[in-house]
Amino acid sequence: MSDRVIIFDTTLRDGEQALAASLTVKEKLQIALALERLGVDVMEVGFPVSSPGDFESVQTIARTVKNSRVCALSRALEKDIDAAAQALSVADQFRIHTFISTSTIHVESKLKRSFDQVLEMAVGAVKYARRFTDDVEFSCEDAGRTPIDNLCRMVEEAIKAGARTINIPDTVGYTVPSEFGGIIQTLFNRVPNIDQAVISVHCHDDLGLSVANSITAVQHGARQIECTVNGIGERAGNCSLEEIAMILSTRKGELGLETGINAKEIHRTSSLVSQLCNMPVQANKAIVGANAFTHSSGIHQDGMLKAQNTYEIMTPESIGLNRNNLNMTSRSGRHVIKHRMSELGYGDQDYDMDVLYEDFLVLADKKGQVFDYDLEALAFMEAQAEDDDHFKLQQLVVHSDSTEGSATATVKVEVNGETVTEAAIGNGPVDAAYKAVARASGCEIDITSYQLGAKGEGQNALGQVDITASYRNQNFHGVGLATDVVEASVKALVHVMNLTWRADKVADCKQKIQQEKQVLGGV
């Protein structure tokens, strides 16, 4: 048996079903090209019979993608298979994936047929699909709850009809690994022609077991895993592609299996899917979450500085990230602060470590996470009170035109003790307010990330705006809280402006230090 596991990505079919709004054809193509770079073997990109838009997107992707096999879904109906075949016909290589329910509850309650009738439909669908391609996949929907005798019979007959891949889905995420592994093992033991097809699994995450069930399945002989980027999909989602890829890579010695995934594309692909699907990745998500390579505990940070593999079983570089993160919090030890100052280019002679660490702990207790620009300001600026701001918002007035979508904002901003009033027109109230503040302050800041949340519940909830801004090749993080979203947005911007002002002051201090070093070096 081959030790190569086929990765069948269904982000653009099962994954898209979870979205509040459908992706455009252009967005689907972007994701498909990213999946091709990632190295997926097969990508299921839609259900052509379902709508003209889905048909168009499948056809566009089939025409464009060259290095992955493009697949489309169809029910066990000739009209579905016709639509799939027509949409895929422009591809160099393609697969038709047809399915029918096999569990008793589905057969009797949903299809209202006998199992023998369903079996006949399945065989007919596979034979019909084979008229268009040799690559036909057949799925036994709700296989996890299908009586094993019926499942074995269905698999044997589908293979006889010409299916070259047999998919065993845990459609409702009901089975546990030992149970699901037993199903796969039983198929290999009892289906006489099982060696004529690749056994695939498609596990859902309703009980949080989709990845575990998929890994158990390949340990029992399955050689295709159906999955999605970031695990998106129906209800609680699907088996996560990135988790499967890195499990098989990291534990290759134990499992003896491999994939064709280019792991260095994982982070980029995950970010693209998250952005286009408007589905943020939870911070503690395995492999691609913001905290996956972030260490906050002082003990862990100390271990990481001594040997990276003390607390990391894979490197961030392996999935396309540049580095891990040691979050500077009140739990960080002196060693971490000294290490970070060294990375920023400072020697022991440039600052007082005792004073810096004492001030750091005070600031960390106050704001939680301390960033590089905070640390440099603590080291080189005497006045570090955060309420002693260079910029202060005094007044904000916004008028919106609901018919045209434009808005006018007037702001009063205190700049170094003097009040400056400015107005601006923008594409919406936040844009107008940001332009007015920029005029008043003279600061041109590039906003790279904007997130809106809430603190509290009901009518008393505060809008929280978190922004990331780029200024002189450095990222700054600002937060604003207010009952009004526009006001919260402006407060976040003013927060960033004060951080960049301090950063400029720190840069002046750094320049003086360098000049003093040069003078001393020349003496």
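Each residue, glycine too, has its Cβ placed from N, Cα and C.
Keep in mind that what you see is a predicted model, and the values were worked out from it rather than measured.
Feature annotations, reproduced from Swiss-Prot:
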- 5-267: domain 'Pyruvate carboxyltransferase' (DOMAIN)
- D14, H202, H204, N238: Mn(2+) binding site (BINDING)
- 392-523: region 'Regulatory domain' (REGION)
Provide the number of Cβ atoms within 10 Å of the Cβ of H204 (Mn(2+) binding site), excluding the reference atom itself. 25
Near H202 (Mn(2+) binding site), which residues of its chain come within a Cβ-Cβ distance under 8 Å, counting only those 6 or more away in sequence? T10, D14, S139, N167, I168, P169, D170, T171, E226, N238, C239
Around the recorded Mn(2+) site (D14, H202, H204, N238), other residues with Cβ within 8 Å of the Cβ centre, ordered by sequence, are T10, P169, T171, C203, D205, S210, E226, C227, T228, G233, E234, G237, C239
Take the Cβ of N238 (Mn(2+) binding site) and count every other Cβ within 10 Å, whichever protein chain it belongs to. 30
How many other Cβ atoms are found within 10 Å of the Cβ atom of D14 (Mn(2+) binding site), counting all protein chains shown? 23
In the region 'Regulatory domain' (392-523), how many residues does DSSP assign to helix, to strand and to coil? 54 helix, 56 strand, 22 coil
Return one of helix, strand or coil for H204 (Mn(2+) binding site), based on DSSP. strand
